[in-house]
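Undergrad: Take this structure, written in C-alpha cells, and hold onto it; I'll ask about it next.
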Amino acid sequence: MAKNGLVLCILVVSLLLDQTDGYPSRMKARKHSKRRVKAKDDDLKSQVEKLWREVNALKEMQALQTVCLRGTKVHKKCYLASEGLKHYHEANEDCISKGGTLVVPRNSDEINALRDYGKRSLPGVNDFWLGINDMVTEGKFLDVHGFAVSFLNWDRAQPSGGKRENCVLFSQSAQGKWSDEACRSSKRYICEFIIP
C-alpha cells in the first residue's frame, strides 16, 4: 500500500509540475491576447470617431445647401436675408446660430451681388447691417472675426459718427455705399455662409 501511495504521490506531483510549467506561457498568451483586443478596440474607436466627423460634415453641407436654396449663392458664399429687425449684436448672434456671420463684402463684385440680392429679398428696405465695426479702435474697421477690413466702400462724408456710430450699414439707396451707424439701431441684415 505504501508503494501505491508513493506512486500516487509521484503521479500527483508530476501532474502539478506539468500544470505549473505551462503557467507562464499561458499568462504570456493571455497578455498578448489582451493587447490584440485593446489594439482592435482602439482601432474601432478611431473608425467610429472618423465616421462621426464625416456625418457632421455631411450635416453641415446639407444645412449650407438648404441655406443656399432659401438665399442666393455668390462665388463661394451663400447669402440669406433676415426676417426681422435687430440691433448689430443680435443680428450677428442670429447669423452665428444659423452657422454663418453678418455679411462682409470683400470686393466690388460682392457689393453688386449684395445690392441685387438685397433688392430682391428685402424690398423697400433702404439699408442693412454689414459684419464690420470699429468698436475696438475708433477708425480701425474690423470684420466680425476681428480681422482688419482691406476693402472699404464708404459713401461721401462717411464714416461720420465718431465714437457714437461704430457699426457699418450697406445702403441700397446709395448703390451699395456704406455708412456708420449706432450699433443699438434696429436694422435688417443679411447673413453669409462660407462654402468649403
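In case you wondered, yes, glycine gets a Cβ from its N, Cα and C as well.
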Undergrad: Say which of Cys167, Cys191 is recorded by Swiss-Prot as the disulfide partner for Cys183.
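TA: Out of the candidates Cys167, Cys191, the one Swiss-Prot links to Cys183 is Cys167.
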Undergrad: Given the model, what does the mean pLDDT over the domain 'C-type lectin' (74-192) come out as?
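TA: On average, pLDDT over the domain 'C-type lectin' (74-192) sits at 94.
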Undergrad: Among the disulfide-bonded residues listed here (Cys68, Cys78, Cys95, Cys183, Cys191), identify the one with the smallest other-Cβ count within 10 Å.
TA: Cys68
Undergrad: Would you mind listing, in sequence order, the residues at least six apart from Cys167 (disulfide bond) in the same chain with a Cβ closer than 8 Å to its Cβ?
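TA: Sequence-distant Cβ neighbours: Tyr88, Trp129, Ile132, Asn133, Met135, Asp180, Glu181, Ala182, Cys183, Ser185.
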